[in-house]
Amino acid sequence: MLLYLSFLFTFFFTGIICLIFDLFIIKGKKFKNKFISRNELIYQYKTIFPTILFNAFVVLPIVVNFSEYYYITETAYETFSIYNCIIPFLFASLSLDFFFYICHFLLHNKLIYKWSHKKHHEFKYPVGMEALYLHWFDLCFGNIFPLYLPIFLFNSHLYTIIIWNIFIVSSTVLNAHSSFRDNNHLNHHIFFNVNYGTGLYMDTLLGTTKNN
């Protein structure tokens, strides 16, 4: 339950920050050759909210609590230390790009894309909360699986997993999907067939990088 609650709190805390900036401070989004008005953003938020709420309160509690119950080993409850936090964290950071790239690339296969990942690409310029605007299969296979697999493989301490959880969810909302600035994942939404990974090494190795 701790994993799910940390995921939920982090997502809505960072997502609401993005919403406040989008609708009440910046009141729109300006890109190089594109301006999205406040009214367009309101429509975008209204469109994505039902799916976000379904994923947050139906899909996530099932999948994340299942993962916590079955895959967190006894080592997760041993004495917490900087060592058993930093080493797994570094390992997971390096591994995440590999697992996320593969899963994300597969979701762009024509047979899978039409009924799952297409939903996430509905808006070319996403808002922070669109990190959870996903078909349930996309959420499970393309996000939860590559998110938790690296940190679980290392038999990490529970606190390390929670810190990892908070870090990745915050980064996904505030950096990858907020569209506050040009970044690799925004380019993925705009150009579609580039930047499948997190930006560490997989896109560079496989020639799918699109820089600003």
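Glycine too: its Cβ is placed from the backbone N, Cα and C atoms.
Caution: TrEMBL annotation is automatic and unverified by curators.
TrEMBL lists 6-26, 47-66, 86-107, 127-151, 157-176 with the feature transmembrane segment. The domain 'Fatty acid hydroxylase' annotation in TrEMBL covers 90-208.
Only residues 6 or more beyond the boundaries of the transmembrane segment (47-66), in the same chain, are considered here, and those with a CB under 8 A from a CB of the stretch are 1, 3-4, 7-8, 11-12, 119, 122-123, 127, 129-130, 132-134, 136, 139-140, 144. Each residue in the domain 'Fatty acid hydroxylase' (90-208) gets a DSSP state, and the totals come to 82 helix, 0 strand, 37 coil. Across the domain 'Fatty acid hydroxylase' (90-208), mean pLDDT in this model comes to 92.
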